[in-house]
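Everything on this sheet refers to the single structure shown next.
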Amino acid sequence: MSQPPAAHVPVLYTQVLDGLQVTENGTYLDGTFGRGGHARGVLEHLGPGGRLLVMDKDPDAIAVAEQTFGGDARVSIHRGSFAGLGQVVAAATVDGILLDLGVSSPQLDVAGRGFSFGKDGPLDMRMDPDSGQSAAQWLAQATDREIADVLWAYGEERQSRRIARAIVARRAEQPLLRTAQLADLIASVMPRGDSKTHPATRSFQAIRIYINRELDDLETGLDAALAALKPGGRLAVISFHSLEDRIVKQFMARYAKAPPSNRRLPEAQPFVPTLQLVSGAIKADDTELNVNPRARSAVLRVAEKLELGIGDSGLERRSGRIPNPRSPIPASQGDAR
């Protein structure tokens, strides 16, 4: 199998294409185009009758897609979150869907996008810079409790309260407008330790996830993807942290495995699975990590949609939605959680 151009190294490239099992005349959707590494691989396997739909909420990614694939009649390009993929494709019409979650390498590498604590830039963090509040705008008006809740829920940051108090105190003196300001402030209040991880890592992740509603989009997008797939279609999802992977894992299991039964209660209907798990967690091997260290935290999961049982829509048979981790933190809890 050919490899993507060296300018962009998509994670788990071969494993994604193997998981999707691209066919010559199939219809595929890349819900997170980025710089198109995986999309190029899909196109290599499509014939003249195949079709690829690409989506991204980032206008820079859409510009790259139009420049790269705008002349290819097999490709249609759509700006927007994959949470809205149901507005782009009809139900049960797609052979394979890829969701490559989180922030892209170009977003991290360009200081002006405001995602990186290692490169000074405007404190923005929006994947779609034309929509919603920037990180700076939110931090300027959120209460210390709201900031602490976000840092804990989306970054599992044990020092969330300490960091939140420091942010509120500092903004009273001067506005927080730059990524370096925030990163330095967080580092200054964190306990010294031996970790090689930057002290602002969890906080930047948490604020980014909140600003972009990433976990909300993921839950909505997984439901939409399942509805869009044909029977026999494949869903491949790459996650980069435990919050994302937990949602993906539980979603796939919910449609593939019967929930625990309660012997005291009669079963209204027998469970009919809608998905079959194709693989467990797939991670990058040492060869890939030597080329692309950012693949270290990537986890790929693949599932295949099954034929629905008679009289069972399949999509409504759930054990309940995954709770959103944006839950209030009991006031009695301190910084160590």
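Don't overthink the numbers, they just go from 1 along the chain as shown.
Cβ atoms are placed via backbone N, Cα and C, with glycine included.
Look at Swiss-Prot and you will find Gly36, Gly37, His38, Asp56, Phe82, Asp100, Gln107 tagged as S-adenosyl-L-methionine binding site, backed by sequence analysis. For the recorded site, Phe82 (S-adenosyl-L-methionine binding site), the DSSP three-state label reads helix. Note: Phe82 (S-adenosyl-L-methionine binding site) has non-local neighbours Gly31, Thr32, Met55, Leu99, Asp217, Gly221, Ala224, Ala225, i.e. same-chain residues 6+ apart with C-beta under 8 A of its own C-beta.
The region 'Disordered' annotation in Swiss-Prot covers 314-337.
In this entry, Gly36, Gly37, His38, Asp56, Phe82, Asp100, Gln107 make up the residues listed for S-adenosyl-L-methionine, with the farthest two CA atoms of the set 18 Å from each other.
Asp56 (S-adenosyl-L-methionine binding site) falls within a strand when secondary structure is assigned with DSSP. By neighbour count, meaning other C-beta atoms within 10 Å, the densest spot among the binding-site residues Asp56, Asp100 is Asp56.
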